[in-house]
Structure formats: structure tokens, C-alpha cells
Amino acid sequence: MSNSSLALKQSGLRWLWLALLVFIADITIKLIVMDNMGYGWANRIEVLPFFNLLYVHNYGAAFSFLSDQEGWQRWLFTGIAFVVTGMLAYWMRRLPASDKWNNIAYALIIGGAVGNVFDRIVHGFVVDYLDFYWGTYHWPAFNLADSTICIGAAMIILDGFRAKKSAPSQS
């Protein structure tokens with residue numbers, strides 16, 4: 001066995017199974033929503049006094065950013081997702097597998113990004129289905145991929161506040 005394959009097995013890339021799990025769960029849920037729910041507000045399913053299931057198309061990014069454009073944003077967001085996924089995979093390759101916090105954060109972001117890219121390429125839009133609200137205010141609809149991207153990003157931010165182990169001094 002070569003040193004490079006051993007190093008690869010010890011790298012954070014071992015956590016890519018989590019990205020694959022997120023991707024599969026995200027796409028499966030979206031297919032179930034598309035096959036079993038009517039489109040739009042009139043077909044929402046009221047689950048709790050603050051939560052609906054709702055099948056909608058998002059042609060933009062988070063919070064429908066740029067959704068009113070003519071379609072170029074689909075490719076912009078797809079390109080951004082590919083760049084971010086490549087960058088995070090590179091960082092995972094450089095991290096030891098034992099750095100669970102960061103590897104999990106990166107894998108969650110990768111899985112969510114790839115799930116939304118799949119939608120953009122295959123459907124031309126992202127399927128959203130989670131609708132949380134308070135009174136008459138509705139948070140923009142979102143999906144599992146959006147959630148894992150946000151959780152991963154929050155983990156990265158929180159990691160910035162965690163105490164780092166200092167390297168032993170070389171005296």
C-alpha cells in the first residue's frame with residue numbers, strides 16, 4: 001500500500017459518506033414531494049400551528065435571491081456550488097479524519113450543495129417544501145439541502161470561537 005493511499009484513508013475525505021447520505025436523503029424527499037403533493041400554496045399541508053409542508057419551485061438561491069431573473073442565475077449558482085464543493089473537498093483532504101467537527105461541517109455543506117445543484121441541472125429550479133411561519137409572517141420555504149448548508153456554515157462559524165489547542169513550544 002502506498003503512502004498516498006494511506007494518507008488518503010486518514011484524511012477528512014473519509015467523511016464524504018455523510019455528504020452522500022445528505023444528497024440521497026435530500027433528493028429522495030424532493031422526489032416524494034414532487035410525486036405526491038400538488039404545487040403551490042393552495043395545496044399546502046398544515047402540520048403544526050407554525051409549520052406547513054408546501055411544494056414550490058425556487059429559481060434563485062437562498063430566500064429566492066435573484067429568482068426573478070431570466071435564468072442565468074441557475075448557472076451562476078451551479079458554478080458557485082461546484083467551486084465551493086471543490087474547495088471544501090480540498091480542505092477535507094488536508095484535514096485528518098479525526099477532526100470530526102470541521103469534516104462534518106464540510107460534508108454537510110457539500111451534500112446540501114450537490115443536492116441543490118442536482119435540482120438546478122435536472123429541473124431548472126430547486127424544490128422547496130418546508131414552510132415555517134409565525135402569525136402571517138412566513139420564512140421563505142426551504143429544504144433539507146438548505147438546512148444542512150446552514151448547519152455546516154454555522155459549525156464553521158462556531159469553530160472560529162472554539163479554543164484552539166496551541167502547538168507545544170520548541171525550546
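Cβ atoms here come from the backbone N, Cα and C positions, even for glycine.
The transmembrane segment annotation in Swiss-Prot covers 15-35 (among others). With a threshold of 8 Å between CB atoms, the same-chain residues lying at least 6 positions outside the transmembrane segment (15-35) that come near it are 53, 55, 89, 92, 97, 100, 103-104, 106-108, 110-112, 114-116, 118-119, 127, 129, 143-145, 148.
Annotation source Swiss-Prot lists transmembrane segment at 47-67 (among others), citing sequence analysis.
Outside the transmembrane segment (72-92) by six or more residues, the chain places 11-13, 15-16, 59-61, 66, 102-103, 106-107, 109-110, 113-114, 116-117, 120-121, 124-125 with a CB less than 8 A from a CB of the stretch. Among the features that Swiss-Prot reports, transmembrane segment is placed at 72-92 (among others), with the record citing sequence analysis.
Summarising the annotation, Swiss-Prot assigns transmembrane segment to 107-127 (among others) and lists sequence analysis as the type of evidence.
Look at Swiss-Prot and you will find Asp128 (among others) tagged as active site, backed by sequence analysis. For the recorded site, Asp128 (active site), the DSSP three-state label reads strand.
Here Swiss-Prot flags 141-161 (among others) as transmembrane segment.
Positions annotated as active site by Swiss-Prot, on the basis of sequence analysis: Asp146 (among others). There are 22 other Cβ atoms within 10 Å of the Cβ belonging to Asp146 (active site).
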